[in-house]
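K.L.:
Straight out of TrEMBL:
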TRANSMEM  133-153  transmembrane segment
TRANSMEM  159-178  transmembrane segment
TRANSMEM  209-229  transmembrane segment
TRANSMEM  265-286  transmembrane segment
TRANSMEM  316-341  transmembrane segment
TRANSMEM  370-387  transmembrane segment
TRANSMEM  433-451  transmembrane segment
Amino acid sequence: MSGLSQILAGSHCVPHMNLQYAAQHSPAALMLQRKAKCSRLSARPIPQLARMSPRVFSTSSLTVEIQPNMSGTAEEQTVPAEQAATAEVLAPASLVQTVDAPAIDSHTAPQQPQAAAAPQQDRKKLWMAAIKPPMYSVGFIPVLVASAAVFLTHGVLPWGRTAGFVLAAIFVIAWLNLSNDAFDAQTGVDVTKPESVVNLLGGPSRRTAVLLLAKTFLAAGVALLGHLITSAPGGDLRPMCLLAFSIACGYVYQGPPFRLSYKGLGEPLCFVAFGPSATTAFYLALQPTATTAVTAAATAAVTAPAAGLGPALSSLFIGVPAAVWACSLLVGLSTTTILFCSHFHQIAGDTAAGKRSPLVRLGTERGRKVLRGAVLATHGLAVLAAAAGVLPWVAAAATVLAGPAAAELVAFADANHTVPERIAPLKRFACKWHILLGFSLCVGMGVSRALGL
């Protein structure tokens, strides 16, 4: 015990965590680790390090080696009483920490319900992306703009009939979205698209069920449209003809055997269907009274096929004010912009499926320039229509309210068009601009009529 007496006499000690390790070393060897004075040591909790490999932790004045509690024979784990007493002197009780298995903190323990909720939240996001709530604006914006044009022209606002047409338009857009998903599942263009309704329901085997649901929405929409149009004053059937044409455009866009969107003709179809056709049809259907000109035009529309296609087409638009034409062009351009923006992140899939969308033909670099030109042309058309006396200046000026959304749309495309994952939300920006442009036209025409401008 002379070595031990010398260590204690020098007022130095070395704390040690493993009793077996201390018993196997002589005091002379332990003297090499005399870097810390017992008087300077404070009782500090040593982290729980069970089941870890041996490591050495150093501070400015202390070296501590932590040895895991290795399983061994009973003989190896037995510590003689004398060696235990020696170790107790070398490592005071205030410094000896028992290394146990780390306790499981309830705050850090894995929460299985939360982990299970994460996929459910992702699935909800996919369903929202599949349903596309902002996309239904392409159905109700033409109705609202037409209703505002009726107020501008006739000074009345048919709230009830407007609400009915909005609901019918939503039903038709639901058919369009669901049927497009089903048709895309048939061609395989959406095979890697997780937000497809068909894929969310289980894959191509659910395509028939999705088509059935789509046809149900179409039947409901057509029935409601028919009721609203036939019950309108004067019995003008031109709105039914124009809306039937718009629905037919929606089918040939994606439906077999036409699939005109695969030939890059989706944008022209979209412009005509939602702009001049649908917006004009809703205006004619929302007129409060049937004038002589309207009645004559309706009669001509029925008898015109015998006279030829030209007179039939011209008769469909008799009595339509120039302001309605201007608004229909603006609505058609903004709606087509949404469709154009939806192609930016799908170039690879469209190319693989043989779909010649505008972005497949142009590429994203030229595509973003076309987008910028379309946005500028839309706002420029509003100014030109006002300068020509076709659209009230108040309505043209109100479109400035959609200017920030237009700038945001173009800026997002410029910044992200090269990365498909980042450009995917572009159509949301387009929907926002489309909605604000439509609302601004409604406000402008309403204010113009109310102030007599």
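Using the three backbone atoms N, Cα and C, a Cβ is placed for every residue, glycine included.
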K.L.:
Rank 133-153, 209-229, 316-341 by Cβ pairs under 8 Å to the transmembrane segment (159-178) and hand me the top one.
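P.N.:
That would be 209-229.
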K.L.:
Select the range from 209-229, 265-286, 316-341, 370-387 that forms the most Cβ-Cβ pairs under 8 Å with the transmembrane segment (433-451).
P.N.:
316-341
K.L.:
What residues in the same chain, six or more past the boundaries of the transmembrane segment (370-387), come closer than 8 Å to it by Cβ-Cβ distance?
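P.N.:
Beyond its ends, the transmembrane segment (370-387) has Cβ neighbours at 323, 326, 329-330, 333-334, 336-337, 340-341, 358, 362, 393, 395-397, 399, 402-403, 406, 409-410, 413-414, 433, 437.
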K.L.:
At a C-beta cut-off of under 8 Å, are there same-chain residues at least 6 beyond the transmembrane segment (316-341) that contact it? List them, or none.
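P.N.:
Same-chain residues near the transmembrane segment (316-341) but 6 or more away: 135, 138, 141-142, 145-146, 148-149, 152-153, 238, 241-242, 266-267, 270-272, 274-276, 279-280, 283-284, 291, 293-294, 296-297, 300-301, 358-359, 367, 370-371, 374-375, 377-378, 381-382, 385, 390-392, 395, 399, 409, 413, 426-427, 429-431, 433-434, 437-438, 441, 445.
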